[in-house]
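Okay, so here's the structure we're looking at.
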Amino acid sequence: MSHIQIPPGLTELLQGYTVEVLRQQPPDLVEFAVEYFTRLREARAPASVLPAATPRQSLGHPPPEPGPDRVADAKGDSESEEDEDLEVPVPSRFNRRVSVCAETYNPDEEEEDTDPRVIHPKTDEQRCRLQEACKDILLFKNLDQEQLSQVLDAMFERIVKADEHVIDQGDDGDNFYVIERGTYDILVTKDNQTRSVGQYDNRGSFGELALMYNTPRAATIVATSEGSLWGLDRVTFRRIIVKNNAKKRKMFESFIESVPLLKSLEVSERMKIVDVIGEKIYKDGERIITQGEKADSFYIIESGEVSILIRSRTKSNKDGGNQEVEIARCHKGQYFGELALVTNKPRAASAYAVGDVKCLVMDVQAFERLLGPCMDIMKRNISHYEEQLVKMFGSSVDLGNLGQ
């Protein structure tokens, strides 16, 4: 085996995925892998110019579309080996639907949303079941409350019987499906031979990649028991989810470029940071970071206002402790919490939400693992770092002592 060479970029690719798994602890590793590598692929080229990926592509290129639209989403140990053998699917032996996704879609071109809303009425009981089925769907995680409500309104229930085909290999994508209950086989036809490459068991989702990239269904999904699915039509899926993902990427990239400490990053480094940034919402008065605690993240304010306070050594509160004194206010586009990452000391101040606040959060462990030691990157702008120290705390202040 000594003649086998590791392809360039493979180690970094797998390290990045491994770090995200350890950080987020997803319940479904395969579903998480599909989401992670889909985002990675989207970041490399606009959706409108992405080629139809073939599973023969190397890891040095945009990853393939795995699965029934996501064969890799299935549970079981066999799919990873079998997926490597998959080639562009041959047309299904079943009748093809009329083409519904031949046109190119570019979310950047649709600035105004004038399409009528799709609403499928539901009983309270149906709504509750739908919310429960969707709570762990990764594609819905970044939607705000209004967007999620629109998605839930547009979803429709589909009851399936055993042996019913939900989607057929080679067909055009028309709906995205979330599984509420039931078991389903994932079948792939190659060289006129059909084989099972995985199963779904009362959870999961499938069908999104054909809608996102205008590619035919890569597998057939057959119900092996009676079950229930929730479908989302292609138009709503692309209007809300695809467009939202594109906007989120642009917004995150824009925020990163606006942070002085990160302006010197290469484009490739910024793209990696986009992948490790999360989003958190804080209510009025909620404490975001605490003075004296170990630093593990830094924050960029997406919306709202944040108050920065330190404990006074000369003023006491009513409980006899050191009173907190406000030293700064941060607003949209500004950031806080990065100094502790550079000094590797406890938090020098506390931060509180003033009104409702939405922050982009970068985890220092993922940051360091993906891009190298945090200090190496921050040193590129060390003069700005020193300027921030003087501005916020005074040149003679020891940050380590402030955290005690």
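In case you wondered, yes, glycine gets a Cβ from its N, Cα and C as well.
Per Swiss-Prot, 3',5'-cyclic AMP 1 binding site is recorded for 139-260. What Swiss-Prot lists as compositional bias 'Basic and acidic residues' is 67-78. Swiss-Prot lists SER2 with the feature N-acetylserine, giving a large-scale study or a structure entry as the kind of evidence. Residues or ranges marked as phosphoserine in Swiss-Prot: SER48, SER58, SER78, SER80, SER99, SER350, SER395. Taken from Swiss-Prot, the feature phosphothreonine covers THR54, THR215. The region 'Dimerization and phosphorylation' feature in Swiss-Prot is assigned to 2-138. Annotation source Swiss-Prot lists region 'Disordered' at 47-90.
The separation of LEU187 (3',5'-cyclic AMP 1 binding site) from SER350 (phosphoserine), Cα to Cα, is 54 Å.
DSSP assigns SER350 (phosphoserine) to a strand in the three-state reduction. Fewest Cβ neighbours within 10 Å among the modified residues THR215, SER350: that distinction goes to SER350.
Less than 8 angstroms from the CB of VAL235 (3',5'-cyclic AMP 1 binding site) sit ASP115, VAL118, each of them six or more residues away in the same chain. For the recorded site, VAL235 (3',5'-cyclic AMP 1 binding site), the DSSP three-state label reads helix.
Here THR215 (phosphothreonine) is positioned 24 angstrom away from ARG203 (3',5'-cyclic AMP 1 binding site), judged by their C-alpha atoms. Under the three-state DSSP scheme, LEU187 (3',5'-cyclic AMP 1 binding site) falls in the strand class. Mean pLDDT for the region 'Dimerization and phosphorylation' (2-138) in this predicted model: 59. For the binding-site residues shown (MET155, MET251), fewest C-beta neighbours within 10 angstroms: MET251. In terms of C-alpha distance, the listed binding-site residues LEU139, ASP171, LEU187, MET251 place ASP171 closest to THR215 (phosphothreonine). Taken residue by residue with DSSP, ALA219 (3',5'-cyclic AMP 1 binding site) is part of neither helix nor strand, so it is coil.
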